[in-house]
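Below you'll find the structure, written out as structure tokens, and then a few comments.
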């Protein structure tokens, strides 16, 4: 089985505080994985290093077989990795369709593409493609709305469509279910399952263990920047080290 | 000769320093590049001149000019700063420029566009130390400026009010959580920075014995340059920047010629911005948190 | 057309070109407070080539524009490492330095100014301004414009989506500088005289004022802003000495009521709702 993401011996410290210590784990293609652990365990830091927002102190990151450890952040999407943010980050003043068009950049970045007057061409293929992707996720009716006017749950899912349009085969989601009501959570879950069925691999940071259980086959547990357990959720939650890590925090696992 | 130029540069630098501190208060705490400050600088000088012409004694005229500048600054806060919260950061800059244009044109209508002679306050007495000639008026304004800046720095560092201001500068959210009344603090800051700018204008008028409706532009923009060279938001940075810009100006005038002033002063600014954008004494901007 | 009206419209044409020069980088979130400097490069460059080397105007004007654009590119690379207010101040300083350099350049007349022999009539100026507007309209219909907005709106996310953030900023800045240089070159040939003092801070700052007043959300904002700022003071001429004071009060009150500028994207969407088939 080939791997979507391989992290080996990764370390990172901020101002002398070791945020990630000698971390290694693998996300095989098609095996959606959850990254869990108490607050401050270093989950988001891992995302930031994989997406290139932070550099690494030591170790290696490989996405779909490509070593991205020293690659500039903007080039990494070309290897097939995209991420979401804890608070959805769409461009608020642009319409939904325009946000999706920005997502297509990685596949339309030539000078000729940049200066094609696509807005003057009725039904230009970029617009068609973006609309089709929205329709497919049942979000078609929002296409021309301004993002800032949309409900939170819809924005989260548009974020997913944008990542799909960017050609992401590995999608890192930072607390996707946070702040959603139950029906929005269900819609999101269906959307994610649909993406997985089409071959996308997920790496999810999430506190809601029911949600994790319903979409992830594998779980990696972090505590103080170190991996303390790995495996299916049912087994990991029996692990005494994991139980210990969560005592004194919210005891959710 | 060189020593004399250095002294002259420091005297001029003291004026820039006050303007730079005024700008740095607005930028450092409120994140607002307040372009009405050159207008308030000019209003300080012009109104003091106008009131003296109307027969007021100097100190009363100066107080009147300061009070008027403070009042105008409250209008700036009300119309240029307050409505713009949460919008594009360039917008308050435009409105504050509107105030600069307004003030200049009001003075123009009242006093005409010509340069006016500001009466000499102190008889033309000079202090002579070795070969150096130092005007009493200039010396007095240098001492006054440094005293005010030192006092301001003390207030910011040591008092409860200063702590509140620093908290707002660090993070508005934290300040709100701590129950700091930002709505009351902001107008006070506007009054303080206006008073500094207007005082600089009065001192300029006293030292150089001339005023005009457009005197704020050159000095005001150099004040901005001084603030950035020293480091935005740093009071002592503004002091250092002001003195440096004053020195650079005087020295380049006397050794190369008046026309190159802008090249040296703004070239220095440009160089600093490229090499060390946070200024000589500023802290590096922190990277966005995700 | 009366001479007076032509004169006003020529000023309008120059203001429109300058406004778009400011608008392009501003669309990517970069406030250029030194646009006058780039105009000066175009003006002096083109004037120098026609005067001293007998170049024809049609060749000298584009070269002047290119020189301004190239300066923007070279300066933009180091300066665009800084952002926000630092960038604005760097352009401000740059504008001051450029005009001060020309003030001291004796080959182009120094402080006495520089007479220019070749003349560009009003129609040439109008055509040039129309060309700039058309070019901007075209650009606003491309992915380039969309990605500039993305860079302004959220540079971190734009970067992670693969958009070359710094490259886009430099491109917008240099293109804007080129447009400024183009306008400046025509200015030199229309008035047959350039002096460094004309290209001062206030020219830069007033241009920014037009653009923000018109609004930066759509490509029409700068046009509307420039038109307003050129024509209204003329209409207020009756009140003569008070007109700039009245005008300033108007700006202050207007920006307080409508900080997003006169022309906004929402305004356009309202129009489009009324005529739905016109939308993309």
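Positions of Cβ are set from backbone N, Cα and C atoms, glycine also.
The transmembrane segment feature in TrEMBL is assigned to B:6-25 (among others). For the transmembrane segment (B:6-25), the list of distant contacts is 33-34, 37-38, 40-41, 132, 134-135, 138-139, 141-142, 145-146, 148-149, 152, 189, 192-194, 196-197, 199-200, 203-204, 207, 219-220, 222-224, 226-227, 230, 232-235, 237-239, 241-251: same-chain residues at least six beyond its ends, Cβ to Cβ under 8 Å.
The annotation transmembrane segment is assigned in TrEMBL to B:58-81 (among others). A Cβ distance under 8 Å defines the sequence-distant neighbours of the transmembrane segment (B:58-81), meaning residues of its chain 6+ beyond its ends; these are 30, 32, 34, 36, 39-40, 43-49, 51-52, 92, 95-96, 98-99, 103, 121, 186-187, 190-191, 193-195, 197-199, 201-202.
Taken from TrEMBL, the feature transmembrane segment covers B:93-113 (among others).
Taken from TrEMBL, the feature transmembrane segment applies to B:133-157 (among others). Panel annotation: around the transmembrane segment (B:133-157), residues 4, 7, 10-11, 14-15, 17-18, 21, 121-122, 124-127, 165-166, 192, 196, 199-200, 203, 206-207, 235-236, 238-239 of the same chain, lying at least six beyond its termini, place a Cβ under 8 Å from a Cβ of the stretch.
Feature annotation from TrEMBL assigns transmembrane segment to B:185-206 (among others).
Taken from TrEMBL, the feature transmembrane segment applies to B:226-248 (among others).
Beyond its flanks by at least six residues, the transmembrane segment (B:255-275) meets 222, 225, 228-229, 244-245, 248-249 of its own chain at Cβ-Cβ distances under 8 Å. Residues or ranges marked as transmembrane segment by TrEMBL: B:255-275 (among others).
Within the same chain, residues 32-40, 42-43, 46, 49-50, 72, 75-76, 79-81, 84, 212-214, 216 sit at least 6 positions outside the transmembrane segment (B:93-113) and bring their C-beta atoms closer than 8 Å to a C-beta of that stretch.
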